[in-house]
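These features come from TrEMBL:
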- 26-45: transmembrane segment (TRANSMEM)
- 34-486: domain 'Major facilitator superfamily (MFS) profile' (DOMAIN)
- 119-141: transmembrane segment (TRANSMEM)
- 147-175: transmembrane segment (TRANSMEM)
- 187-206: transmembrane segment (TRANSMEM)
- 212-234: transmembrane segment (TRANSMEM)
- 293-314: transmembrane segment (TRANSMEM)
- 334-355: transmembrane segment (TRANSMEM)
- 362-382: transmembrane segment (TRANSMEM)
- 388-416: transmembrane segment (TRANSMEM)
- 428-450: transmembrane segment (TRANSMEM)
- 462-481: transmembrane segment (TRANSMEM)
Amino acid sequence: MQSESLSLAPALTLFPALKPPHKTLLFHRICVLVITFLAYASFHASRKPPSIVKSVLGPTVPSNATQTGNLSSNDVGWPPFNGTRGTHRLGELDLAFLTSYSIGMYLAGHVGDRIDLRLFLVFGMMGSGLFTILFGLGYWLDVHVLGFFVGAQIICGVFQSIGWPCVVAVVGNWLGESKRGLIMGVWNSHTSVGNIIGSVVASGVLEFGWGWSFVVPGVLIILVGILVFLFLVVNPEDMGFVHSGMDIEMSVEIDSAENIQKVESEEAKLIESDNSDSSSAIGFLEAWKIPGVAPFALCLFFSKLVAYTFLYWLPFYIRHTAVAGVHISHKTAGLLSTIFDIGGVLGGITAGFISDMIEARAITSILFLFLSIPALALYRIFGSLSMLINIILMFFSGFLVNGPYSLITTAVAADLGTQSSNDRNSRALATVTAIIDGTGSAGAALGPLLAGYISTRGWNSVFFMLILSIFFAGLFLVRVARNEIREKLSGK
């Protein structure tokens, strides 16, 4: 019983009315989806400030911006990011965070399969919040040493890497495969919602000093971490629910001695089963051999390269690219960039719905990837003509770019981590998730760095890199898509 008290969320111990039979399985599933949604949204909100403050820290906008009256005192930049190689330093800052994030992702998935996911997730949230705040303190401490900012980003990246394997594993424990694409497509909108919240908050307080753009999101993720610690339940078994082909809710009647004995016997079985799962948790190399893991992981490498280049550089690009001949302010650029994320929310949901409807994840991903190629080309060529055209093309770019990214990191990872070849061993889920998203995060680390260097040669070169990356992402799924088509034709 001691192990149960340690794993059960404190709020459920304090409020027994939240337990079965007072609350149903559906109630707890909704709670898990909402809590993990808020948790990862707060991760992304605290990850957004670097992209918002880039235009403040980095080199000034082109000299013709002074003619528009939009050049402010913020445009002097912040050493060491405001020199002629400022965009390089900013790209290296992104590389520091995303490299540690990518490496940490592999380790986090391995650890997450073996310890209490709730406590591990809270640990990551608290660390992320503290080091996000530390980065912002550089403003008031007047820090101009590159090593300080790089060090803060490296450690923050390690803490941030804990979040994704944990939340996907928890959701995978509570959801079956039916309608997983649609449900997880809606749930995965937390990335874009978090980006929107982070952009709005960081942009809103930017005028008071760029340090506030880090401190406020840092405090936010700490507060959400407290909520996770109090309420998140990792496994249905912790609440007395068991699986036998389908979900079965245990009946608990505290006034019956016979039922108490049954419950205690069931608890003993669950503990024994948990120990057995722990000892048989899937290995890292073994997880790579699961059919479909490698091609989807490599696809996500290039897909996430594109998505994170937009995540970290879109506000900077908007600030430094005249729309209808006018350079907009830092705050407006940050707010306008949320259009890409709004498109991403709908794109992720649509991709999940389509993949459920046709029961083909790879075909859906390829469709979105190849349609995003002309979308990005059109955004670059015509996005500067007017604000309306810019918004429309940015929306569709986000819709198509984030669709497959959302699908692969959620429904695909959950499918591969719990497929029948693993004997539905949920202990594989965090490891498979970490492999897929960890490989994707390696691409996420490379994209912003390349953008920082290539942008000095012109933004056409950056968009060419993005389009080429999307093409390669689609190529890695061709064989998987071909197998899906064969299965459809054979009537399986």
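Using the three backbone atoms N, Cα and C, a Cβ is placed for every residue, glycine included.
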Same-chain residues at least 6 beyond the ends of the transmembrane segment (187-206) whose Cβ lies under 8 Å from its Cβ atoms: 33, 36-38, 40-49, 51-53, 56, 74, 171, 212-214, 216-217, 220, 311, 315, 330-331, 334-335, 337-338, 341-342, 344-345, 348-349, 352, 398, 402, 406, 409-410
Surrounding residues of the transmembrane segment (462-481) on its own chain - C-beta under 8 Å, 6+ positions past either end: 292, 295-296, 298-303, 305-306, 309, 313, 317, 360, 362-363, 365-366, 369-370, 372-373, 376-377, 380, 401, 404, 443, 447, 450-451, 454-455
Between the transmembrane segment (362-382) and the stretches 119-141, 212-234, 293-314, 334-355, work out which stretch tops the count of Cβ pairs under 8 Å. 334-355
Per-residue pLDDT averaged over the domain 'Major facilitator superfamily (MFS) profile' (34-486), given as an integer: 83
For the transmembrane segment (212-234), give me same-chain residues lying six or more residues beyond its boundaries with a C-beta closer than 8 angstroms to one of its C-beta atoms, as numbers and ranges. 7-12, 28, 31-32, 35-36, 38-39, 42-43, 45-46, 48-49, 52-53, 116-119, 121-122, 125-126, 128-133, 135-137, 139, 170, 173, 197-198, 201-203, 205-206
I need to check the long-range neighbours of the transmembrane segment (428-450): which residues 6 or more away from its ends have a CB within less than 8 Å of a CB in the stretch? 91-92, 94-95, 97-99, 101-103, 105-110, 112-113, 117, 161, 164-166, 168-169, 172-173, 281-284, 287-288, 290, 293, 296-298, 300-309, 311-313, 405, 408-409, 412-414, 416-418, 422, 462, 465-466, 469
Same-chain residues near the transmembrane segment (119-141), Cβ under 8 Å, at least 6 residues beyond its ends: 39, 42-43, 46, 49, 108, 111-112, 148-149, 152-153, 155-156, 158-163, 166-167, 170, 209-215, 217-222, 224-225, 228-229, 232
